[in-house]
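Pulled from Swiss-Prot:
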{"type": "BINDING", "residues": "27, 28, 29, 42, 87", "note": "substrate binding site"}
{"type": "DOMAIN", "residues": "33-235", "note": "domain 'Radical SAM core'"}
{"type": "BINDING", "residues": "46, 50, 53", "note": "[4Fe-4S] cluster binding site"}
{"type": "BINDING", "residues": "55", "note": "Mg(2+) binding site"}
{"type": "BINDING", "residues": "89, 133, 134, 135", "note": "S-adenosyl-L-methionine binding site"}
């Protein structure tokens with residue numbers, strides 16, 4: 001969306017129907033579950049506008065009731081797959097609690113990919129993993145202790161030399177901003193920003209982003225991840 005999406009506030013619905021962009025089966029390409037077969041449920045709408053975001057989460061008109069959505073997930077999921085990833089947009093913008101509970105009741109694992117700024121009362125515990133990619137200075141304080149891993153998008157020349165993490169705003173290009181930093185002991189993943197299709201940055205490229213992410217991991221002990229699905233040219 002490259003920062004052109006409307007910033008939508010939390011949806012007041014009860015979760016018995018959700019606005020969904022798409023449901024698809026692929027390999028999880030990022031973070032702690034990288035390489036694992038997964039059904040992705042991409043929720044529509046986001047409360048932020050990240051200037052480099054290349055994901056379409058606004059073009060769908062599909063708002064299925066929960067039983068219909070569960071049936072579609074079941075139809076996409078082969079027997080070898082037990083992981084469902086809720087992504088966006090921002091999944092916690094909507095009341096995803098009923099969906100998460102239904103998936104856990106089926107014996108499935110659920111991962112939520114979130115920017116961490118919104119809170120929902122979820123069935124935290126075994127089977128549910130929260131992976132946060134901070135895009136702002138602060139996160140919801142109730143959510144922070146529930147986060148299982150942090151993931152940061154790294155671009156060359158845009159990191160803080162003291163910790164190797166982003167030093168520029170995601171909402172206002174070029175503005176210095178220290179994004180939320182992870183608490184001690186929580187796994188941190190760094191991955192290079194994919195600048196394909198974004199406005200050119202003179203003297204910088206995707207190879208530079210990868211080199212900076214790798215250097216950050218080596219110096220500070222983070223875990224480097226690359227977008228496996230993009231390397232394989234799959235969804």
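A Cβ is built for glycine as well, from the same backbone N, Cα and C atoms used for every other residue.
Between the two most distant C-alpha atoms of the annotated S-adenosyl-L-methionine binders (89, 133, 134, 135) there are 13 Å.
Proximity to residue 50 ([4Fe-4S] cluster binding site), judged by a C-alpha distance within 10 Å, picks out 135 from the binding-site residues 28, 29, 133, 134, 135. The separation of residue 134 (S-adenosyl-L-methionine binding site) from residue 42 (substrate binding site), Cα to Cα, is 18 Å. Looking at residue 28 (substrate binding site) and residue 133 (S-adenosyl-L-methionine binding site), their Cα atoms lie 15 Å from each other. In this structure, the C-alpha atom of residue 29 (substrate binding site) lies 14 angstrom from that of residue 133 (S-adenosyl-L-methionine binding site).
In this view, residue 135 (S-adenosyl-L-methionine binding site) is surrounded by 26 other Cβ atoms within 10 Å of its Cβ, with every protein chain counted.
Take the CB of residue 27 (substrate binding site) and look out to 10 A: across all protein chains shown you find 16 other CB atoms. Packing around residue 133 (S-adenosyl-L-methionine binding site) is summarised by its Cβ count: 20 other Cβ atoms lie within 10 angstroms of its Cβ, all protein chains included.
Across the fold, the C-alpha of residue 53 ([4Fe-4S] cluster binding site) and the C-alpha of residue 135 (S-adenosyl-L-methionine binding site) stand 11 Å from each other.
The binding-site residues close to residue 89 (S-adenosyl-L-methionine binding site), defined as a CA atom within 10 A of its CA, are 46, 55 out of 27, 46, 55. Put simply, residue 87 (substrate binding site) is 15 Å from residue 135 (S-adenosyl-L-methionine binding site) when counted between their Cα atoms.
Of all the Cβ atoms in the protein chains shown, 15 others lie within 10 Å of the Cβ of residue 55 (Mg(2+) binding site).
Take the CB of residue 53 ([4Fe-4S] cluster binding site) and look out to 10 A: across all protein chains shown you find 21 other CB atoms. The Cβ neighbour count for residue 29 (substrate binding site), using a 10 Å radius and every protein chain shown, is 22.
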